[in-house]
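Peer 1: Handing you this structure, nothing more for now.
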Amino acid sequence: MLKGRHLLDPRDLTIEETDNLLELAGDIFLQPEKYSKLCEGKILATLFYEPSTRTRLSFEAAMMRLGGKVIGFSEASSSSVSKGESIADTIRTISCYADIAVMRHPKEGAPKIASMYSSIPVVNAGDGSHQHPTQTLTDLMTIKSLKGSLSNLTVGFCGDLKFGRTVHSLIKSLSRYENNKIILISPEELRIPNYIRKEVLQKNNIEFIEVENIEEVIGSLDILYMTRVQKERFFNEEDYIRLKDSYILDREKMKKASENMIILHPLPRVNEISYEIDEDPRAAYFLQAKYGMYVRMALILKLLGVM
Ligand code: NCD
């Protein structure tokens, strides 16, 4: 039972719970009308202390499409945080008004703190460069629908592997399925954090390599997960400018990729995938954004104990 639980890290869900949730999301996608009234009378609160388009709006649309209502703020400056209120006090208050809360925050661990003071489920919608478990659910739903399985895949992660929280969460999740190989493609300065290398990849005996050149490995991938260089996490602008164009996926590079490889990206894209690639049948990032709403509908139903 997921009722009343928090989702802070993708591993807060067992593999079985994850698979059930994806199955439910698939059914909602096919027959949305069956679910359109299940959250009548319920309220979702979105507490966003950092910018967002897809995550916040897909959560809000998800709750509305289930018949529920939404309250919240989309920048810290419009809440009492700007007056110095703590996360603990904010969530204690929100717990009196809403049935479930979704929080995005620049500080790693902020949603976890919130969960300790909350009497309603708290969902981490991205905490600093740490985790982003609902993006992972979206990614998994896309992979499952296009590849038929979450196992036996060679997955390349390219770009900002240091600060990219979607990468950290998806690696955590994929490392629980059988026989997945991970190829980490990044400049030296943006390599994956040591805790992911040691405590996730090595600890679970996942086969992985780290390279700098995408052309060397693109031909061996089933999935290429592109990411944006996370400008907002850099300490100085010069480093960002130097690294921002490290990888630009274009037609030339795609010639080396297999016909069945799919391209994922959590979005927003800056320039790391050139627009000409959008026409390529292997580009799956807008499908990924679309599925985001359905997995979030499934998650809300489960955490509220409606299903
Ligand atoms: C991502 C995020 O916020 O971490 N966006 C998203 O939720 N789809 C990726 C990013 O900002 O680069």
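Going from the start of the chain as shown, residues are counted 1 onward.
Each Cβ is built from the backbone N, Cα and C atoms, and glycine gets one as well.
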Peer 1: Select one of Arg92, Arg104, Arg233, Arg242: the residue that TrEMBL places in the carbamoyl phosphate site alongside Arg54, Thr55, His132, Gln135, Leu267, Pro268.
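Peer 2: For the carbamoyl phosphate site that includes Arg54, Thr55, His132, Gln135, Leu267, Pro268, TrEMBL also lists Arg104.
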Peer 1: Just checking: which of the binding-site residues Lys83, Arg104, Arg165, Arg228 have a C-beta under 6 Å from ligand 1?
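Peer 2: If the test is a Cβ under 6 Å from any atom of ligand 1, the answer is Arg165, Arg228.
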Peer 1: Taking Cα atoms as reference points, which of the binding-site residues Lys83, Arg165, Arg228 is nearest to Thr55 (carbamoyl phosphate binding site)?
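Peer 2: Spatially nearest to Thr55 (carbamoyl phosphate binding site) by Cα position is Arg165.
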Peer 1: I'd like the Cβ neighbour count for Gln135 (carbamoyl phosphate binding site), meaning other Cβ atoms within 10 Å of its Cβ, all protein chains included.
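Peer 2: Its Cβ has 24 other Cβ atoms within 10 Å.
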Peer 1: Have a look at the binding-site residues (His132, Arg165) and report the one with the fewest Cβ neighbours inside 10 Å.
Peer 2: Arg165
Peer 1: Could you tally the C-beta atoms, other than its own, that fall within 10 angstroms of the C-beta of Arg54 (carbamoyl phosphate binding site)?
Peer 2: 17
Peer 1: For the recorded carbamoyl phosphate site formed by Arg54, Thr55, Arg104, His132, Gln135, Leu267, Pro268, name the remaining residues of the chain with Cβ within 8 Å of the site's Cβ center, in chain order.
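Peer 2: Not counting the recorded site residues, we get Ser52, Thr53, Ala125, Gly126, Thr166, Pro266, Gly292.
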Peer 1: Quick check for the class: what is the C-alpha distance, in angstrom and rounded, between Arg104 (carbamoyl phosphate binding site) and Lys83 (L-aspartate binding site)?
Peer 2: 19
